[in-house]
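This report concerns only the one structure given below.
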Amino acid sequence: MAPSYDQPYSVLLDRNIYDPDNLCEGIDLRRHHAADLEDVGAFRCQEDWRRLVGPLERPFRGGLGPQFSFITVAVPNCIPERMEITSYALEFGFIHDDVIDEHIEDADLSDMEEGLEQGAKTGSIDERGASGKRVIAAQIMREMMAIDPERAMVVAKSWAAGVQHSARREELTNFQTLDEYIPYRSLDVGYMLWHGLVTFGCAITIPPEEEALCTEFLTPALCAASLVNDLFSFEKEKNDANIQNAVYIVMKEHGCDEAEGRERLKARIRQEMAKFVQIVKDTKTRSDLSDDTKRYIDVMQYTLSGNVVWSAQCPRYNLKAEWNELQMLRAKHGVAKYPATFPPADGSMDHIWKKGSTQGESKGEKRKRQSVNGTNGVNGTNGVKKPTISRVGVDSLQLNEVVSLALSTDLPNLTTDVVLQPYAYITSMPSKGFRDQAVDSINNWLKTPAKATKKIKEIINMLHTASLMLDDLEDNSPLRRGKPSTHNVYGASQTINSATYQFTHATALAAGLSNPDCLRIFNEEINELYVGQSYDLYWTHNIICPTFGEYLRMVDMKTGGLFRMLTRLMTAESPLNGQISDSELNPLGCLIGRFFQIRDDYQNLVSAEYAQQKGFAEDLDEGKYSFTLIHCIRTLEANPSLAGEQMQLRALLMKRRVEGKLTNEAKREILDTMKKTQSLEYTLEVLRELHTKLDNEVGRLEKKFGDDNFALRLMMEMLKV
């Protein structure tokens, strides 16, 4: 039976009154009881911006509306105690977006990006010497962490991804058709921040393995939301010199006037809304999805109806709209003089306020509360854990007892706790989950059953993680994702044993897939992976610089092998198996593997995040022949005027071979040489070319399968450098 969700925080409205064009048929419209808390949060943010950053119109045309502010109707399921800080964060997003759009040179995106990435890793943002924007972001993190640390971290990660996208996106203007424009516009709709705010506000946790699937489900919703924004903002934007708006593009595409353009756009909005209404219905009845994912999709439908109603009356899009009386008083005198009116003094809403304060409790908070007094529900009492490993028995020196043990076949079992501990350690580190996203996005085409897809994800993640354990050991890497490498905690022997155990486990999973070809595919790609790694180690140990061709073949075998295994296993388990060969997706896997590896080579040398997570220019410590280093060496060899630099580089690489690492000063010398040979610029240019080829390959596959793949394109966009 499809679940029905409690709606204690809102009241149902007659959508037909507020949606005369019937844009969101089939979706209810609800209004939050704690609407006033949204206004308070928005005004607090505006006041802080003026105090910490600079001037701002009063009131600012952000999320506020005279009848309905945005969250009030777009997230009617928001837990009341989370409404104010959620609104504060959203208003900051509105203000910051306007700064980017109007004054890109003043946007301080790098500072914001760095701060949010710090928040995503640590749960706090350093404010010392920070910009006003970063101080505000730190305030948001503090308030959210005090309420729900687990989901506050999701907000920080999602927001950081959104800022990163804004900083790196390419401004495109020459769209000829609506279908060309929609993918670009949908990426720009602010979904990444909105995802974090909704999951925080409603206390939802999406399992990592279902995140990419959620993005796929939301494709028509993001399309509809972005087109609704364009529909209502066109009046404000239509005289802009560089207008980017769906109404304008429809007019240009069909050679029609504004009235017809609007009607055509409304028809497309209704079409996308209907798609999402069906997705909401289908999702509720699925047995292979978590309850939180189902609830998330259900909650997101109100974003669509709420967005329509808010857009129709908000001052952000309607320049003649007037603020309500309380909003004008708060804008003039501040929220300190006109504080929140919720919950009302008569106690009429106390029942939902109290319900909200416990319903939204995160798992971590619940465990913490339970451990204060009594059993903590894990493996101990009052927060004191029992040892993870217990001894088999008490040692005895009595001959008869020892002989009895030696002859017994009924000894206690040894658990897998010890062999799994190094693996559990590395998997506890933060991961971006690109491989899971790749599986889910590719499955948009292959329709591989959920049970098989889950197993394939496990196989790929086991192999990838085990490879990282061995790579770090073989390269003598001190850090992995900012923490000590596994072998530096558990030692080389236990690390090798634990990694090898994962390979055997993954083999068993591959053998358990329904298509017997899967084990053959698994073995073929594992062999490729080991051979590729052998060349990487051989070149490093013997200080042999490979050719570009040798390097790329090694990458195809080592890095591309896992992506190739992923696509081949999914194809083998797909109901389309008879219609497509297991090599159909090989070009995509090959390009992704090359792009990933060369991107990793580049980031290792230039990224501050990589330096924090792995150490400064760590590839040079390892003596690894990266794409950039190969270009540098080959350029030096071809240019006699750089003979001195060539000799110096060779001496430094030999020094690394003898001492096992390089000083930071030596690494900076090598980076200076790379600047002379323009090797970093060359690598970046190759990455951009590869990304273009990847985009073309995705387009080829979209035509072949007859289905656009928004999730895959979003993943590729996030990887762009």
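Cβ coordinates are placed from backbone N, Cα and C, and glycine is handled just like the others.
Swiss-Prot lists ASP97, ASP101 with the feature Mg(2+) 2 binding site. Per Swiss-Prot, compositional bias 'Low complexity' is recorded for 372-384. The annotation region 'Geranylfarnesyl diphosphate synthase' is assigned in Swiss-Prot to 326-721 on the grounds of similarity to another entry. Residues or ranges marked as motif 'DDXXD 1' by Swiss-Prot: 97-101. Taken from Swiss-Prot, the feature motif 'NSE/DTE' covers 229-237, and the record attributes it to similarity to another entry. Annotation comment: Swiss-Prot describes 471-475 as motif 'DDXXD 2'.
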Counts by DSSP class (helix H/G/I, strand E/B, coil) across the motif 'DDXXD 2' (471-475): 5 helix, 0 strand, 0 coil
Taken over the region 'Geranylfarnesyl diphosphate synthase' (326-721), the model's mean pLDDT: 82
Helix-strand-coil residue split for the motif 'NSE/DTE' (229-237), DSSP-based: 9 helix, 0 strand, 0 coil
DSSP-derived class (H/G/I helix, E/B strand, else coil) of ASP97 (Mg(2+) 2 binding site): helix
Count of other CB atoms lying within 10 Å of the CB belonging to ASP97 (Mg(2+) 2 binding site): 17
